[in-house]
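One structure is given here, and the rest of the page talks about it.
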Amino acid sequence: MIIMTILSLLLSNAVTLRRDISILFNRIVIIALIYCILHDTMSLSIISKGVGLHGGLLHITNITQVFQIFIFLISILILQLTSFDPIKKFYIMRHPRFINKWPRAIGYSIPLSSIQAVLKDYLFKIQGFNKEHLKIIEYPLILLFVICGAVFLMSTNDLVSIFLSIELQSYGLYILSTIYRNSELSTTGGLIYFLLGGFSSCFILLGASLLYANSGTTSLDGLYIINSISDVNDNMTSWYKSYYLNFSLLIFSVGFLFKVSAAPFHFWSPDVYDAIPTIVTTFVAIIAKISIFILLLELVYHTNNYLSEFSWIYGLLVSSFLSLIIGTVVGLTQFRIKRLLAYSTISHLGFILLALSVSTQSVESTQAFIFYLIQYSFSNLNVFIILITIGFSLYGYVWNNKEYKNLLDINNSPVQLISQLKGYFYLNPLLSLSLAITIFSFAGIPPLVGFFAKQMVLSAALDNGYIFLSLIAILTSVVGAVYYLNIIKEIFFYSPGHKLKTVDVENTWPFPVKRDLKLNDSNAFSISYDRYTVSSPLSSGYTISSPFSITISIITIVILLFIFMNKEWLSMGTIMVQVLFST
């Protein structure tokens with residue numbers, strides 16, 4: 001279904017130059033992904049322990065099917081950001097004072113719908129609302145390539161197909177990062193991402209070459225068999241072979257740690273996150289990591305050597321330790337919101353890698369890994385959607401501070417500084433509460449879902465003897481709460497630093513009367529004529545559209561009310577782990 005949709009979009013893009021049908025293409029892709037979810041859901045009972053495809057290049061199991069559905073769902077939620085107009089209406093449109101006074105003011109009858117359309121168009125122009133993200137017809141097509149690469153990567157069973165899948169996913173992300181052609185900052189971020197992403201691919205290719213040189217096969221099943229034989233044989237030659245296989249896997253894993261921005265290979269992610277548009281950052285920060293971690297889970301499960309003196313898993317433990325330290329300490333110095341989220345992601349990757357490293361030693365540790373990955377993906381998605389929504393809601397406001405006026409690429413990334421959220425609670429309390437709940441979940445505050453995820457990881461690590469790393473994880477969680485609370489302080493404990501824009505319209509008003517169109521500082525919309533003034537309260541400027549509101553509400557409620565439905569979530573995780581261990 002994904003391949004058919006890609007071909008259809010390629011043909012459609014080739015025969016049309018209209019940029020305004022991008023929304024239609026996005027909605028078509030959403031429908032296709034919904035169909036994929038239904039198809040994969042119905043095939044879960046058929047696949048059972050696994051099905052090999054294309055001569056063993058792909059291996060489809062229940063665990064890969066479940067995470068395919070998860071990726072499709074996340075992609076749908078991200079695609080709806082560009083599939084619907086984020087602004088539903090203006091409060092003025094149906095205000096009775098406005099409707100009653102308008103005929104007296106202009107002196108003749110004009111249909112109210114025409115007046116509303118004109119005013120809406122003028123308000124978009126006055127307040128600088130930018131719809132560029134709704135006019136990129138290549139956007140859904142490139143997203144499908146990324147999704148296709150992610151699905152193949154999770155299901156691959158061969159070293160060659162691993163490399164091709166990760167490159168298909170990565171090149172789509174490189175193009176997405178530079179898709180806003182008029183943004184110099186976005187182009188710079190995309191170039192950094194491309195150069196360092198290509199460098200990380202060299203490690204993957206080198207590791208795959210060493211694995212082939214030491215095993216004589218590119219099939220993962222063959223590698224698993226050789227690894228299991230080296231476990232049961234105790235002679236020197238077998239140990240020597242196992243050592244080189246583990247060394248090759250270590251180099252192989254370095255490339256993937258680069259891709260997910262785990263420390264010490266994290267240095268590219270804060271710059272790239274901050275430079276590319278926020279909508280693209282959402283996809284880069286979530287989808288690319290899910291597929292890689294599921295592949296690493298399979299590799300860890302089948303290649304962890306209990307009898308060897310050296311295991312490539314030690315590299316994951318070192319990366320976990322460095323991610324916890326660097327993501328927390330460096331995050332304390334950040335004042336740009338997306339750079340802060342980048343370091344927050346690095347810190348959370350420390351927990352994920354810790355759970356991954358011990359995932360083969362007990363069912364509980366694998367369950368902790370899967371649960372943490374799922375909940376963090378949803379929480380991270382919610383934060384980015386809320387930031388995008390806040391950016392849309394602030395288009396009608398200006399800041400007097402000079403540092404805000406010097407921000408680059410403000411149209412594609414409206415919220416860049418933490419201080420831009422100052423006093424936002426007084427502008428939109430519900431959206432502020434949703435952001436606060438999600439941030440508290442990041443910090444691991446009970447009874448939110450993030451607390452239970454961290455508790456499961458720490459419990460699994462302690463049960464398997466990783467006391468030192470568990471202590472580091474606890475300390476970094478406490479310290480990391482500082483920069484999360486700093487965001488809360490800016491939102492709730494300061495007065496708003498925003499003012500509504502005030503604009504006069506001259507010589508372009510379409511009706512033959514003298515006019516003056518304003519958005520004034522008293523939160524009121526007014527139109528002045530020769531003898532009459534029509535005014536109406538504007539409340540908070542924009543009303544966010546229903547798809548945005550519903551998505552934020554559902555994810556926030558799940559995060560908040562997890563304590564009341566934890567059995568369902570944990571039962572689902574247990575079933576997935578049992579499926580994995582039974583294959």
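Even glycines carry a Cβ here, placed using N, Cα and C.
As given in Swiss-Prot:
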{"type": "TRANSMEM", "residues": "28-48", "note": "transmembrane segment"}
{"type": "TRANSMEM", "residues": "67-87", "note": "transmembrane segment"}
{"type": "TRANSMEM", "residues": "136-156", "note": "transmembrane segment"}
{"type": "TRANSMEM", "residues": "191-211", "note": "transmembrane segment"}
{"type": "TRANSMEM", "residues": "247-267", "note": "transmembrane segment"}
{"type": "TRANSMEM", "residues": "276-296", "note": "transmembrane segment"}
{"type": "TRANSMEM", "residues": "312-332", "note": "transmembrane segment"}
{"type": "TRANSMEM", "residues": "340-360", "note": "transmembrane segment"}
{"type": "TRANSMEM", "residues": "380-399", "note": "transmembrane segment"}
{"type": "TRANSMEM", "residues": "433-453", "note": "transmembrane segment"}
{"type": "TRANSMEM", "residues": "465-485", "note": "transmembrane segment"}
{"type": "TRANSMEM", "residues": "544-564", "note": "transmembrane segment"}
Highest-contact recorded stretch vs the transmembrane segment (28-48), from 136-156, 191-211, 340-360, 433-453, 465-485, CB pairs under 8 Å
136-156
Run the contact check on the transmembrane segment (136-156) against the transmembrane segment (191-211): 3 or more C-beta pairs under 8 Å, excluding pairs closer than 6 in sequence.
no
The transmembrane segment (312-332) and the transmembrane segment (465-485): do they have three or more Cβ pairs under 8 Å, with pairs 6 or more apart in sequence?
yes
Intrachain residues whose Cβ lies under 8 Å of the transmembrane segment (276-296), provided they are six or more past its termini:
63-64, 67, 70-71, 74-75, 78, 81-82, 133, 143, 146-147, 149-151, 153-154, 156, 162, 166, 169-170, 173, 176-177, 179-180, 183, 185-186, 189-190, 193, 253, 256, 259-260, 316, 338, 341-342, 345, 349, 352, 356, 369, 373, 377, 380-381, 384-385, 387-388, 391, 409, 412-415
Looking at 380-399, 433-453, 544-564, which one has the highest count of Cβ pairs under 8 angstroms to the transmembrane segment (67-87)?
544-564
Using a Cβ cut-off under 8 Å, which residues of the same chain at least 6 positions beyond either end of the transmembrane segment (433-453) come close to it?
344, 348, 351, 368, 371-372, 375-376, 379, 382-383, 386-387, 390, 425, 477, 480-481, 484-485, 487-488, 491-492, 552-553, 555-556, 558-560, 562-563, 566, 569
